[in-house]
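Undergrad: Mind having a look at this structure? Questions to follow.
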């Protein structure tokens, strides 16, 4: 299969400015294509996983992936899909976040100097040096305010009578300039992004064609939700991060292990590298034994993100906990100051401290609802004092919230 054929087959396709022509060009030659990422956290999460898999697919077919870190545009904030202005972040935050994002991406794609090796650029490199009057003179006449006002990112905010600052309104101009700059300096001919970016992408393609007469394209992916309508990347416990310093490989495994039944075949197609033949076998397995299929899905996706050994460890830990009732030290672990446990800490405070509840009131509610266990024993008194007498032989205390969330406490 060609890049475009596999792109469509895997369910990544939503819209393209000229699919027939792009298909022809990518069959005949290798291109450079880019995807941009906000520089607002020290790791990407699974909400970006489809875009990452597309970068990987580009590289697989010999095309050059360009990753844009929005160091410049992050200072403004994209209004697309937002009800209010995003907080601006500092240069120091951007530098730290860029390092973490490259760590996330390096799990999936190869960076380097080769023809199909990925490169990562910060758009602050060219946006920070733009002179406002020069920009207006050279590019302002190519943008139609009438058209900009019809774009969903702007129109919806105005219809709801929500504040839209001139700062945010300029975001789409700068993103359009990114495409022009990458086309000129890196021979980039394709921008990819989520369907909410369609207006911005089309503006960039139009600007580039008008100024340089180059043939460029835009292509978008569908916005994904789970079968129940939840946004990809977030859970009640927080974001499903790709970097292990923010989320352990075991917890990453457990996210996929616990996904909704209706999602597993779709997720296998989107996020794994199973062949079409293997996907048919997987779909049959899901019809016969949904839990076995979930374990395979979780293993495959954890292996891709964290490596074979971590995926194997996560699988074994999950089996020990849920099928054999054992405690495994590969579980997420928090360390408490010895004095805290020696003096004793109430159950609700400990569950909050361990991250099994987002607030103390939620921890109380969890315990009252009979959803909390200490060392596999149900606790019903939220004020019960947990101290060193609860330490097991391996010097840990096992906390459980519901059937699927477990944490070890050490001192």
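Note: Cβ is positioned from N, Cα and C throughout, glycine not excepted.
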Undergrad: Given the ranges 221-225, 226-230, 231-235, 236-240, which one is assigned the annotation motif ''KMSKS' region' in Swiss-Prot?
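TA: Checking Swiss-Prot against the ranges 221-225, 226-230, 231-235, 236-240, the motif ''KMSKS' region' one is 231-235.
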Undergrad: For the feature motif ''HIGH' region' as recorded in Swiss-Prot, pick the matching range from 9-18, 19-28, 29-38, 39-48.
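TA: The range carrying the motif ''HIGH' region' annotation in Swiss-Prot is 39-48.
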Undergrad: Can you tell me how spread out the L-tyrosine site is, meaning the largest CA to CA distance among 34, 171, 175, in Å?
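TA: In whole numbers, the farthest two Cα atoms are 17 Å apart.
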Undergrad: Mean pLDDT for the motif ''KMSKS' region' (231-235), rounded to an integer?
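TA: The predicted confidence over the motif ''KMSKS' region' (231-235), as a mean pLDDT, is 73.
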Undergrad: Please identify which of 34, 171 has the densest Cβ environment, defined as other Cβ atoms within 10 Å, among these binding-site residues.
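TA: It comes out as 34.
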Undergrad: How would DSSP class residue 34 (L-tyrosine binding site) in three states?
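TA: Residue 34 (L-tyrosine binding site) sits in a strand per DSSP.
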Undergrad: What three-state class does DSSP give residue 175 (L-tyrosine binding site)?
TA: helix
Undergrad: Within 10 Å of the Cβ of residue 175 (L-tyrosine binding site), how many other Cβ atoms can you find? Include all protein chains, please.
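TA: Result for residue 175 (L-tyrosine binding site): 28 other Cβ atoms within 10 Å.
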